[in-house]
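Visitor: According to Swiss-Prot, the protein has these features:
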- 72-95: transmembrane segment (TRANSMEM)
- 158-181: transmembrane segment (TRANSMEM)
- 197-221: transmembrane segment (TRANSMEM)
- 297-315: transmembrane segment (TRANSMEM)
- 352-375: transmembrane segment (TRANSMEM)
- 391-417: transmembrane segment (TRANSMEM)
- 439-461: transmembrane segment (TRANSMEM)
- 536-554: transmembrane segment (TRANSMEM)
- Cys578, Cys587: [4Fe-4S] cluster binding site (BINDING)
- 594-615: transmembrane segment (TRANSMEM)
- 669-691: transmembrane segment (TRANSMEM)
- His680: chlorophyll a' binding site (BINDING)
- Met688, Tyr696: chlorophyll a binding site (BINDING)
- Trp697: phylloquinone binding site (BINDING)
- 729-749: transmembrane segment (TRANSMEM)
Amino acid sequence: MTTTPKEREPKVKVSVDIDPVPTSFEKWAKPGHFDRSLARGPKTTTWIWNLHALAHDFDSHTSDLEDVSRKIFSAHFGHLAVVFVWLSGMYYHGAQFSNYSAWLADPINIKPSAQVVWPIFGQEILNGDVGGGFEGIRITSGLFHLWRAAGITNEFQLLCTAIGGLVMAGLCLFAGWFHYHKRAPKLEWFQNVESMLNHHLAGLLGLGSLAWAGHQIHVAIPINKMLDAGVPAAQIPLPHEFILKPALMKEMFPSVDWGLFSGVVPFFTLDWGKYAEFLTFKGGLDPQTGALWLTDQAHHHLAIAVLFIVAGHMYRTNWGIGHSIKEILEAHKGPFTGEGHKGLYEVLTSSWHAQLAINLAMVGSLSIIVAQHMYAMNPYPYMGIDYATQISLFTHHMWIGGIFIVGGAAHGAIYMVRDYDPAVNRNNVLDRVIRHRDAIISHLNWVCLFLGFHAFGFYVHNDTMQALGRPQDMFSDTGIQLQPIFAQWIQSLHTKAIASTAPYVGASVSPIFGGDVVAVGGKVSMMPMVLGTADFMVHHIHAMTIHITVLILLKGVLFARSSRLIPDKAKLGFRFPCDGPGRGGTCQVSGWDHVFLGLFWMYNAISIVIFHFSWKMQSDIWGTVNPDGTIEHITGGNFATSAININGWLRDFLWAQSVQVINSYGSELSAYGLLFLGAHFVWAFSLMFLFSGRGYWQELIESIVWAHNKLKVAPAIQPRALSIIQGRAVGVAHYLLGGIVTTWAFFLARFAALG
C-alpha cells in the first residue's frame, strides 16, 4: 500500500451536469428517434429489424463516451425496475393465489402452488391436486422454501413485500429518468474506479451481507426454530416483535444480553463465544430440513460482511491513502508477459464492452458454480426433497451461465472491433495473446479433435461390443473399468480431511462427497454420490463440448479485427455476412457469426450437462428410504449400466423418461405435452431459417409482390427478405427457444408426475 502526496493526485470531484437532455415525450413517441435514417420512417420491411438491432446499441446513437455511459447507467435503473415488477408479481401470486400457509404447515406432503387457472373452456384441468385440499399449478421456483428460510409466515407478509417491490420499481424508474435528464454524472464519475470499488464492496456487498445476517439472526433463525419445533405459523410472533421485544430473543438464546446496544458488546470485546447458539460452525445439512444450517448461514454472512467492509476501504480516493488500480495493473508483470497488464486500466475505463465482457464471463461462470452447489448443499428448508424444484434450479442456472459466457465473448469481440487501440496495447498481455493467437487456436483445435474422437469413441466401442454380445469387452464398471480416480480422490479428501483442515466444524460440506444419507420424510435429500465408468465417459463429452464452445468463441474474439483471410476485418464491423463479391469463402467470419455458431455449441454443452445431472440424480441419489433403511432410487441405479453407450442414452433416458410428457394428455400435466409438441415445432421452424438462402426468399417475395400489384393491393412499405444475418438471428433464437422449452416440458412433466 502506498500514500500519495496531495499535489500529485488532486481530490476527486464527483460532478454532474444539470438538465443535460430535455424530457420529450413527443420525441420518444417517434420510432427510431435515436437514428437519423431510422427516424425517417420505413421504406422497406428491413426497417423494423434495424429498429430492434439498434435500439440498445448506444454506440450507434452517439460516439460520445459520456453520453453512452449515461444511457447505460439510466438503462440499469430501468432494468432494475423490471426486475422489481417481476419479483413483485411472484410475491403477489404467493400472497393471492397460493397454498403457502398449508405448505408451511406440512412441507413434506404438500406441494407448492401459486397459480390457479381460470375455467374458460376446460383449462381448469391444469389445476392438479397438490395436497391439503388445494388445486393449482405446481411451481418449481423454490420461492416457498426461500420464503420459509427468510421467516415469512403468512400471505399478508408476502402481499406487503409485493407492494414494497412495486415501490422500489417506481423509485428505480424515477432514478433512471433523474440521472439522465436532470442530474447526469460526468464521464470522470463513471471512470472513478476506486470510489466505485469502495462503494460496491463496502456498501452493496458488505452492508448488504451485514443486513442479511441481521435479518437472519433477528427474524429468520427464531421463526425457523419455532417452525422446526412444530409451533403453528399463526402462533409465531410477527417479525418486528423479535426485534422490538428482547425478551423473545432472550427466551431462545439466553447467553446474549439482548439490549439495544448490549447485544453487540461481545462482538467488539471479542467475547464471540456468547453468540455460539446462533452463529454456528456445524457443517453439512440439517437432518430435519435437509438444508444448510440457518445458523451456519448467518455466521457466513456476518464473516463475509466483515471481509467486504474491510475490502471497501482498500482503494485510494480523496484521502491519498490506499491502492490505485492503475498502479496495481501496471506493476503486474511476470517474466514471460512483456509489459504485463500495462494499458488494461485504459482499456477497462474507456471501453464498456471490454468491462462487460469480463463481467459476463465471470457472472456466467458463477451461475454455473451456483448450479453445482445448490443441489449438493441445498440452502433452503425442505427443497432437497422437492426434486422438480431441484432439477429446475439446476437447469436454470446452467442455461443462464452458458448464455452469459457467450455474451462475454460477444462483447469481447465488439471491444476488439470498436474500441481496441493498438497504441495502448503494446507488448502487454492482450497484445501478446493476439500475437500468438494462431498457436492458441491450433492447439485448442487439436484438443477438441482429441477429446471428440476419444470421448465419442468410448461410446461407439461400447455400442459395437454390445451389438456383438461381448459385454466383457465393454468399458464399464464390470468390464474394462475407466474409474474417475481423481474425482474419487477429491471426494474422499473432502470427507476425511475436514477433521484436520477445519477442526471446529461438525461435518463435511455435503454428504455428496461421502458420509450418511440425509433423508427427510422418507425421501432422500442428499447422499454420497458414487462415481464410475459412466461418469468418466460423459465427463469427457462435457470436456469436448466445453472446449469446442471455447474454441469458437475465442477464435471469434482473437480474429475479430483481422485474419490471414481478411486482414482489414475491423473495417467491416462486428457483423457482416461476407467480404463482398469476388471474395469466395469469406462468409460467416465476422465476430457476430462466431457468437452465432458458439450459441449452438453452448446449447450442446449445457444440454448434455443437464441430461447427465437429471439421470444421475434419479439413478443414484433421489428416491425413497424403506423402513429397513434400504433406498429405492427413482430409476433403480441404471445409470452405471445404461449410460455407457449411445443406445442406453436414447432408450433408457430420452425414451423411457419421456413417457410422462408423451402420456400427459387428459391430465393436469397436459400443458407440458402441448409445450413439448409445440417446442419441437418451434425448433424445426428454426431450421427453415438456418438451412436457407437469402436469394430464394427474395425471389419468392418478388413473385408475391407481383401478384399483389396485379390485384392493386401492393403495400406502401416494400417487402424484403431477411438479410443473411437477420435470418441467422431468427434461426438461432428459435433453435434455442425450441430446444430449451422441449427440455423444460420433458423434465417437469416427469418430475411432477413422480411427485
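Just so you know, glycine gets a Cβ as well, placed from its N, Cα and C.
Looking at the shown structure, can you explain where the listed features end up?
Guide: Among residues of the same chain six or more beyond the transmembrane segment (197-221), those with a C-beta under 8 A of the stretch's C-beta atoms are 149-151, 239, 242-243, 249, 278-279, 294-295, 297-298, 301-302, 304-309, 311-315, 317, 325.
Sequence-distant neighbours of the transmembrane segment (439-461) (same chain, 6+ residues past either end, Cβ-Cβ under 8 Å): 433, 474-475, 482, 537, 540-541, 543-544, 547-548, 550-551, 554-555, 558-559, 644-646.
Remote same-chain residues near the transmembrane segment (536-554) are listed as 405-406, 409, 440-441, 444-445, 447-448, 451-452, 454-456, 458-459, 475, 482-484, 487, 594-595, 597-598, 601-602, 604-605, 608-609, 612, 643-644 (criterion: CB distance under 8 Å, separation of at least six residues from the stretch ends).
Taking Cβ-Cβ distances under 8 Å and a sequence separation of 6 or more, the neighbours of Cys578 ([4Fe-4S] cluster binding site) in its chain are Thr586, Cys587, Ile724.
The list of residues near the transmembrane segment (669-691) in space but at least 6 beyond its ends in sequence, with Cβ under 8 angstroms from a Cβ of it, reads 125-126, 128, 658, 660-663, 722, 727-728, 730-735, 737-742, 744-746, 748-749, 752-753.
For His680 (chlorophyll a' binding site), the same-chain residues lying six or more positions away in sequence with a CB closer than 8 A to its CB are Gly738, Thr742. DSSP assigns His680 (chlorophyll a' binding site) to a helix.
Around the Cβ of Tyr696 (chlorophyll a binding site), the same chain contributes no residue under 8 angstroms that is 6 or more positions distant in sequence.
Under the DSSP three-state reduction, Trp697 (phylloquinone binding site) is assigned to helix.
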Visitor: Per DSSP, Cys578 ([4Fe-4S] cluster binding site) is which: helix, strand or coil?
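Guide: For Cys578 ([4Fe-4S] cluster binding site) - judged by DSSP and reduced to three states - the answer is coil.
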Visitor: In sequence order, which residues at least six apart in the same chain have a CB under 8 Å from the CB of Met688 (chlorophyll a binding site)?
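Guide: Correct list: Gly731.
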Visitor: Please give me the CB contact count at 10 A for Cys587 ([4Fe-4S] cluster binding site), counting all chains in the structure.
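Guide: Cβ-Cβ neighbours of Cys587 ([4Fe-4S] cluster binding site) within 10 Å number 13.
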Visitor: Given a separation of at least six residues and a C-beta threshold under 8 Å, show me what packs close to Trp697 (phylloquinone binding site) in the same chain.
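Guide: Same-chain residues close to Trp697 (phylloquinone binding site) (Cβ under 8 Å, separated by 6 or more) are Ala721, Leu722, Gly727.
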Visitor: Helix, strand or coil: which one is Met688 (chlorophyll a binding site) in, per DSSP?
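Guide: The residue in question, Met688 (chlorophyll a binding site), is helix (DSSP, three-state).
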